[in-house]
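Accompanying notes for the structure given below.
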Amino acid sequence: MKKVIILGSTGSIGTQTLDVIKNFRENFEIVGLTAYNNVELLSKQIREFNPKVVAVKDEDKANQLRENLKKNVEILTGSKGLQEIVKYDADLVVVAVEGIAGLIPTVTAIQRGKDIALANKEVLVTAGQIVMDLVKKKDITLLPVDSEHSAILQCLRGNDKKEVSRLILTASGGPFRGKKKEDLRKVTVNEALNHPNWKMGKKITIDSATLMNKGFEVIEAKWLFDISEDKIDVIVHPQSIIHSMVEYIDGSVIAQLAAADMRIPIQYALNYPTRNYINGINFLDFSLTTQLTFEKPDLETFRCLSLAYEALKIGGTMTTVLNAADEIAVSLFLNKKIEFLQIAEIIEESMKEHNNIQNPTLDDIINVDKEVKEKIAKKYMR
């Protein structure tokens, strides 16, 4: 039986991970769960899955949780709670918590020799070199939960990495595919949150609308698969049936196809290297799939993707700046403090102003993240 800790169990990926685990209760034991502030849902999860330990953001939430529960479960709090919970006996840590808050717990879990199922983008976007060096040193397995990276992993299995010509990440194009800059000047938050294919959290949905999500995935792919950025391409595929592809040096292309359901890559990460049937999964009916279309991304309109490639080429803390500026810019947009197109403008401005640090430490990364966010907030939250 595989012992599992889920960081961010009340979010989109966390709840779907537990939904998958319900299918294989005999194979998994939930050791720990964490939540930011959704105590009500966390209480339900505790009753259903009986973890030994949980963690929440602050003491008030912890007290609320104690009042809700009659079970004997240890409750940790704060950022230290996230770091402590991954020290408990477990085989796999699912990192589904959002933001830079996922970095230190992930590093701590790897240092403790635990395998990682990674759904947090910030970990590799900001500290890819540090994290993957540690993965090799500790000889653990780090598995991607993203549908695109899971697809690449599946397309690479059984093949020699030396024979890879390029990785091709597919993008749906988001809700504004085909629009030009002028069309996007007055888009609303609700319009940006209306993703055509995927049901996701608000932050990642906005990142999908700007194509920054795909930019982050390019950076992650570099570190996950140890490949240079000039061998990672992005293609817009509106149907979201092909989740990504690998092209080999003989011209062959291997693609992974599936319904747009995050439970499929979650299942693959949980059960790796085997596969299992999941109740309620839709199987593709190719007789109903009338066409698969592809187009180049519009880098002039959706500049965030270009900025991600630029940050990756520069290296060092520039990807941390990219991530931090995007995180707060998206928050400002969601709170109607800025317009949609200002997201890319704020990111570019932050990158231009940054004094880059090559080969940063974890402290450097955390400090740069904090400085960038504070600077943007001070300017736009007046």
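Heads up, the Cβ atoms here are built off N, Cα and C, so glycines get one too.
Annotated features in Swiss-Prot:
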BINDING   Thr10, Gly11, Ser12, Ile13, Asn38, Asn120, Glu122, Gly201  NADPH binding site
BINDING   Lys121, Ser147, Glu148, Ser172, His195, Ser208, Asn213, Lys214, Glu217  1-deoxy-D-xylulose 5-phosphate binding site
BINDING   Asp146, Glu148, Glu217  Mn(2+) binding site
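Note: the Cα of Thr10 (NADPH binding site) and the Cα of His195 (1-deoxy-D-xylulose 5-phosphate binding site) are spaced 21 Å from each other. Separation of the C-alpha atoms of Asp146 (Mn(2+) binding site) and Gly11 (NADPH binding site): 15 Å, rounded to the nearest whole number. Taking all protein chains in view, 30 other C-beta atoms sit within 10 angstroms of the C-beta of Glu217 (1-deoxy-D-xylulose 5-phosphate binding site). Same-chain neighbours of the Mn(2+) site beyond Asp146, Glu148, Glu217, judged by a C-beta within 8 angstroms of the site's C-beta center, are, in sequence order, Pro144, Ser147, His149, Ser150, Ala151, Ile152, Leu169, Asn213, Lys214, Phe216, Glu220, Ala221, Ser244. Other Cβ atoms within 10 Å of the Cβ of Gly201 (NADPH binding site), summed over all protein chains shown, number 15. Between the C-alpha atoms of Asn213 (1-deoxy-D-xylulose 5-phosphate binding site) and Glu122 (NADPH binding site), the distance comes to 11 Å. Our reading of the NADPH binding annotation (Thr10, Gly11, Ser12, Ile13, Asn38, Asn120, Glu122, Gly201) yields a largest Cα to Cα distance of 22 angstrom.
A C-beta separation below 8 Å, combined with a sequence spacing of at least six in one chain, links His195 (1-deoxy-D-xylulose 5-phosphate binding site) to Ser172, Gly174, Pro175, Thr205, Ser208, Ala209. Ranking the binding-site residues Lys121, Glu148, Glu217 by the distance of their Cα atoms from the Cα of Gly201 (NADPH binding site) places Lys121 first. Under the DSSP three-state reduction, His195 (1-deoxy-D-xylulose 5-phosphate binding site) is assigned to coil, being neither helix nor strand.
Between the alpha carbons (Cα) of Lys121 (1-deoxy-D-xylulose 5-phosphate binding site) and Ile13 (NADPH binding site) lies a span of roughly 12 Å. Sequence-distant contacts of Asn120 (NADPH binding site), defined by Cβ-Cβ distance under 8 angstroms and a gap of at least six in the same chain, are Leu7, Gly8, Val95, Ala96, Val97, Glu98, Gly99, Gly102, Thr106.
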